[in-house]
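Colleague: Structure below; questions to follow.
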Amino acid sequence: MWSLPAALSLLLLLLLLQAPPCRLQSPSPAKLRLVGPGSRPEEGRLEVLHQGQWGTVCDDDFALQEATVACRQLGFETALTWAHSAKYGQGEGPIWLDNVRCMGTESSLDQCRSNGWGVSDCSHSEDIGVVCHPQRHRGYLSERVSNALGPQGRQLEEVRLKPILASAKRHSLVTEGAVEVKYEGHWRQVCDQDWTRNNSKVVCGMLGFPSEAPVKSLYYRRVWNLKMKDPKSRLKSLTQKNSFWIHRVNCLGTEPHLANCQVQVAPAQGKLQPACPGGMHAVVSCVAGHKESRAEELKVRLRSGAQVGEGRVEVLMNHQWGTVCDHGWNLISASIVCRQLGFGSAREALFGAQLGQGLGPIHLSEVRCRGSERTLSDCPSLEGSQNGCKHENDAAVRCNIPDMGFKNQVRLAGGRNPQEGVVEVQVEVNGVRRWGAVCSDHWGLTEAMVACRQLGLGFANHAIKDTWYWQGTPGATNVVMSGVRCSGTELALQQCQRHGPVLCSHGSGRSSAGVSCTDSAPDLVMNAQLVQETAYLEDRPLSQLYCAHEENCLSRSADHMDWPYGYRRLLRFSSQIYNLGRADFRPKTGRHSWIWHQCHRHYHSIEVFTHYDLLTLNGSKVAEGHKASFCLEDTHCPPGLQKRYACANFGEQGVTVGCWDTYRHDIDCQWVDITDVGPGNYIFQVVVNPQFEVAESDFSNNMMRCHCKYDGHRVWLHNCHTGDSYRANSELSLEQERLRNNFI
């Protein structure tokens, strides 16, 4: 028979067992991760970080609602399914959560009900796994490299190579030396015991180099031994301290950061055992990036990035450039792109068209690189059209790039903010390195672009020739660089062509070169297909061409005709110009500077917006036309995007990001005057923003070319493409494309 105290105790126990699961109280959401075999970022064993230690979740009561909450917290749209009984392998450490029950509206898993942290009757054979939909949700922007090490979250802050050889010390770019790791604020050397080429590959990737090279180990061992025997050297006493060393590193070679490898800072026995008995520091040799001559072989490129080594990923397939969908996009695949381009590993994989939406096909989706592939095309993937990808899902990357020291050789002074000012450079004058100004003679947008890139400030907004209102740095106002001519691909002004002795027409001071920089820029590209489809010939009477003649839209021979009798033969077409960039395209000058043209009764915001030319096959010009930008406006925007610019009522002019500005074939000056051109084969060329009046993130796609055949009565345009659409040797293979026959 039960005594009263025993019965009360039993009743209390039953009530406790039937009590609803508790909600976990934590100041911030616990971190989640998916781990297990395979490299798919959206599936794996679910693990939770609590009290600095990763642990698993039991599969009791776990279902699709709980999986959906976990997937959303991990940055995915939703969950596809869940997997019980440790399908993704058994975890280690504590089982943090059991009997998890979610409503489905929670923003994190620890907001759901459960038994409480660490309260579980499960074993690791019941570890839950989840499979998320690969689509990232809009709030989840990128996957970044984490340098957290171990459960305590300590960080491997930096990695560097300390040059050992005298020849290596003389170079500004160090590619070979002893590995040093900054850990908890102090630099440590890494023991070379069990050091592998895979470790070297990870270190080189972090430093911006695509691959590693063999090291002359015996030579470096002799150098080490000599230093250890040298009584003046402090090396022997330093190496006996465990705080000098990182004990052991073991990498697979696919990791984006050394902290993702197995890193043992100190021996398991701590201070009782030396950290590197009989060893020496690990030495690494890195291979610098590919030379530009390899660019033709590359089938991948980066676009719209504000810095070197970043941008929207585009691949060349079937003779056409297209984008990569961000479904399944991660740091491992992004690193393959970076190394293929001659950079190091990726430091960030970006989703959701963070660096702008592309144009044309979406070639790839669900890219599944393992990390050992040489090129992105070696990785398993799906066609981009197979799972509903749109350009708002375009993937991008930020790569590790080598520190060339260029950023320390340029600065801005006197501006209203850090993005503008007088350009001051450091150059060698009579054997002494000095700071000084740049002469503004010939200073243009191309040179300003190089300056902003060197400063790490993105694109040039304006190239400024008169900087009298900005105060330069005292002692650095003398001009030390003049005649600067850049091609636009240089990484530093010091790499551009310039005068030997300084020759500046205005001397020093008031008219030094200046810049205004920005991290985003427009990017105009012509719809080549529309040009090909709409081209035709028209014999237009001179009586209808007075206004066009006044605006210089006819060939010079029109000046000598008997007006208004006769006609001009015009090659007419429609043009549609798309803003592919990350900023609106706006005229360089404000409305107060626009020029009123009485004949057509409109304002010109840019005097020459496009060049239309007919060239011989060797590039000589046989006919030309130009189009003044009398109306930059949003003719068409996709659904959900508001038109911002319209020319009516002296309105603001420009082209919004993602919108088109269309010039119909039947408006004045939308032609090339070919009256004086004989029959033959030609190249028809259109160049947008030809004088670089407005900054763009990419000028390589501003030119559009077509093959043109004219027999004196009819014209054929075919193989129309923008300048960056195909490799040069691809054009010949497309000669047999469908011709369009347009009669007068």
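Cβ coordinates are placed from backbone N, Cα and C, and glycine is handled just like the others.
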Colleague: Check TrEMBL and name the cysteine among CYS251, CYS261, CYS389, CYS399 that pairs with CYS325 in a disulfide.
Modeller: CYS389
Colleague: From the list CYS338, CYS439, CYS452, which cysteine is recorded by TrEMBL as disulfide-linked to CYS399?
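Modeller: According to TrEMBL, the disulfide partner of CYS399 among CYS338, CYS439, CYS452 is CYS338.
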Colleague: Disulfide partner of CYS71 per TrEMBL: which of CYS22, CYS112, CYS122, CYS132?
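Modeller: Disulfide mapping in TrEMBL sends CYS71 to CYS132.
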Colleague: With CYS58 as one half of a disulfide in TrEMBL, pick the other half from CYS122, CYS191, CYS204.
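Modeller: Within the candidate set CYS122, CYS191, CYS204, TrEMBL assigns the bond with CYS58 to CYS122.
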Colleague: Across the whole of the domain 'SRCR' (300-400), what does the mean pLDDT come to? Round it, please.
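Modeller: On average, pLDDT over the domain 'SRCR' (300-400) sits at 90.
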Colleague: Name the range, of those listed as 32-133, 300-400, 410-518, that has the largest tally of Cβ pairs under 8 Å with the domain 'SRCR' (159-287).
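Modeller: Comparing 32-133, 300-400, 410-518: 300-400 has the most Cβ pairs near the domain 'SRCR' (159-287).
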Colleague: Given a 10 Å Cβ-Cβ cut-off, pick out the one of the disulfide-bonded residues CYS58, CYS71, CYS102 that has the most other Cβ atoms nearby.
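Modeller: Of the disulfide-bonded residues CYS58, CYS71, CYS102, the highest Cβ count within 10 Å belongs to CYS71.
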Colleague: For a quick check of packing: other C-beta atoms within 10 Å of the C-beta of CYS122 (disulfide bond), how many?
Modeller: 18
Colleague: Given the disulfide-bonded residues CYS71, CYS325, CYS379, CYS389, which one's Cα is the least distant from that of CYS261 (disulfide bond)?
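Modeller: That would be CYS379, nearest by Cα distance.
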Colleague: Within 10 Å of its Cβ, which one of these disulfide-bonded residues (CYS261, CYS338, CYS379, CYS399) has the largest number of other Cβ atoms?
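Modeller: Counting every other Cβ within 10 Å of each candidate, the maximum falls on CYS338.
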Colleague: Can you tell me which of the disulfide-bonded residues CYS71, CYS102, CYS132, CYS399, CYS496 is spatially closest to CYS58 (disulfide bond)? Compare CA atoms only.
Modeller: CYS102
